[in-house]
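**Q** Pasting a structure here, questions to come.
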Amino acid sequence: MLRREPLPGNPGVLSRSLDVLGELLCTVGVLCVLYLVYLLWWTNVAAGMENHAASSAFQHTLDSAAASAAPTDDLADGTSFGFLYIPALGPGWRALLTQGTEREQVLNTGAVGHYSSPVTAMPWDAAGNFGIAGHRDGHGMIFRDLDKLAPGDKVYVQTVYGWYVYQLDREAPSVPIGDVDVLAPIPVGSGYTEAGRYLTMTTCTPMYVDSHRLVWWGHLVQTTPRTTVPAGLASAE
């Protein structure tokens, strides 16, 4: 009777290979968890600390600035120029407004950036579209709840030149990232047909995917001197 001999081979090699593969998968898993912790927690902590310092510095500028009759649009990227208040996002909600939308210099610090490329208007300009952007996830996620706003909500901008109050009119829940026409002086898709003083707010959507932009448009309804807080904001606070 013939005996079957065991097949040649080294089962130890296979076992060691599986061990190495398992260790690699565990390492990858740990790295993924650490990245999520960094993105969803630490970037918010870091942005909060940086933004607190920058906001305190600009608040000092507001408190000590002399009245100026000559507003300027000549601001270097990274320069803070105002505060943004949106009472509909919660009591005490406030964001620092900073020139430019570069990630590391502006948006990742937790600030709301003003579009300087393409160039958009400033609130004090006689006409144009004041375009701003902020992160929706990570890095302070200042615009996280932008999708919860509604037509009629008010947006307040405080600068050394005065207060500017906008009323929201229309939302575009998802537009392509490259669609810069939403920032035009008469923004495309907004429903506006004539020159005016407009506001465009943008943020990433969907959250954690960031393949498109969520957009809100509004128009200027009121201005007040720097020392006069608009009644609507005072009552909301």
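Glycine is no exception: its Cβ is also placed from the backbone N, Cα and C atoms.
Sharing the features that TrEMBL gives for it:
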- 20-41: transmembrane segment (TRANSMEM)
- HIS135: active site, proton donor/acceptor (ACT_SITE)
- CYS204: active site, acyl-thioester intermediate (ACT_SITE)
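Mind mapping these onto the model and telling me what they sit next to?
**A** Within 10 Å of the C-beta of HIS135 (active site, proton donor/acceptor) we count 25 further C-beta atoms, all protein chains included.
Its own atom aside, the Cβ of CYS204 (active site, acyl-thioester intermediate) has 22 Cβ atoms within 10 angstroms in the protein chains shown.
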